[in-house]
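A.B. asks: Pasting a structure below so you can have a look.
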Amino acid sequence: AQTTAPSVYPLAPGCGDTTSSTVTLGCLVKGYFPEPVTVTWNSGALSSDVHTFPAVLQSGLYTLTSSVTSSTWPSQTVTCNVAHPASSTKVDKKVERRNGGIGHKCPTCPTCHKCPVPELLGGPSVFIFPPKPKDILLISQNAKVTCVVVDVSEEEPDVQFSWFVNNVEVHTAQTQPREEQYNSTFRVVSALPIQHQDWMSGKEFKCKVNNKALPSPIEKTISKPKGLVRKPQVYVMGPPTEQLTEQTVSLTCLTSGFLPNDIGVEWTSNGHIEKNYKNTEPVMDSDGSFFMYSKLNVERSRWDSRAPFVCSVVHEGLHNHHVEKSISRPPGK
């Protein structure tokens with residue numbers, strides 16, 4: 001098939017003064033071949049609350065979407081960055097307010113207090129998410145495939161879910177109470193617990209959604225992607241010398257050279273999970289593999305006590321899908 005560059009479309013809420021609200025912004029990457037593309041937000045500066053959905057192949061071309069939650073848009077610029085190595089394409093699209101630009105607000109009237117509900121063309125939208133790497137690769141965890149329905153209207157709030165594994169219906173999913181969103185629509189989530197071996201063997205999981213606002217049910221399917229698997233290399237680094245006079249120091253874990261980009265990284269100390277760490281999203285390297293960083297902030301007194309800190313990595317390319325690298329303050333330093 002011929003290499004085709006993607007078209008990129010920023011997606012913004014319809015109207016309303018959202019400067020003090022949390023909003024979800026999107027980026028549609030459409031009509032490209034072959035895989036993969038990478039999507040970052042503000043060149044990676046926005047990494048929390050980012051969801052990039054699996055690509056869908058239709059008529060020989062791929063399409064995917066990515067979303068980010070922002071509490072500062074539109075006063076702070078949010079840009080979707082898309083890279084498609086196969087076509088040497090790099091595209092940056094700023095998410096701008098629709099319906100009249102930055103100064104536009106909803107029409108006001110004596111009896112209305114909320115922004116009008118946006119017209120929902122075709123009714124609700126459905127997205128399906130794979131299990132988290134840690135949950136599926138460590139057999140003791142509770143792995144789930146998740147189906148998310150958004151833009152459910154107040155007039156037709158009831159959503160019905162049906163789940164199938166290799167086209168056989170199952171009845172073990174758990175559906176959460178619907179959540180009202182900032183634009184007066186609802187979000188509904190259903191999660192299907194799955195078995196480690198079912199995911200790893202490539203079984204197909206299908207979520208079927210029905211709602212009176214839909215002309216017909218929507219079906220979304222997901223399975224473990226096929227492709228090259230390469231194990232990550234893991235390196236841990238202590239704080240720089242200049243930081244040792246401060247009250248808090250930073251430890252860094254670099255994970256590089258891995259495929260696919262599904263990976264889990266966390267920090268532990270004395271068997272307990274550390275809370276004060278941040279991970280970047282996986283970034284595509286020049287050879288097509290991925291790398292990411294994890295930074296743990298700890299009190300300097302804990303580092304000075306020579307307590308060991310462990311970077312724990314979960315990836316399907318690793319032996320037993322898991323590796324740990326430990327670091328502590330060296331003697332005499």
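We count from 1, first residue shown onward.
A Cβ is built for glycine as well, from the same backbone N, Cα and C atoms used for every other residue.
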A.B. asks: Among CYS80, CYS106, which cysteine is annotated in Swiss-Prot as forming a disulphide with CYS27?
C.D. replies: CYS80
A.B. asks: Which one, CYS147, CYS311, is listed by Swiss-Prot as the other cysteine in the disulfide with CYS253?
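C.D. replies: That would be CYS311, the partner Swiss-Prot lists for CYS253.
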A.B. asks: CYS147 has a disulfide partner in Swiss-Prot; which of CYS15, CYS207 is it?
C.D. replies: CYS207
A.B. asks: In angstrom units, rounded to an integer, how far apart are the Cα atoms of CYS253 (disulfide bond) and CYS80 (disulfide bond)?
C.D. replies: 26
A.B. asks: Sort out the sequence-distant neighbours of CYS311 (disulfide bond) for me: same chain, 6+ apart, CB within less than 8 Å of its CB, listed by position.
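C.D. replies: VAL234, VAL236, LEU251, CYS253, VAL265, GLU266, TRP267, SER294, LEU296, GLU324, LYS325, SER326, ILE327 - these are the non-local Cβ neighbours of CYS311 (disulfide bond), listed in sequence order.
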A.B. asks: For CYS27 (disulfide bond) and CYS207 (disulfide bond), what Cα-Cα distance in Å is obtained after rounding to a whole number?
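C.D. replies: Rounded to a whole number, the Cα-Cα distance is 23 Å.
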A.B. asks: Counting by DSSP, what is the helix, strand and coil composition of the domain 'Ig-like 3' (232-328)?
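C.D. replies: Summed by class, the stretch gives 11 helix, 52 strand, 34 coil.
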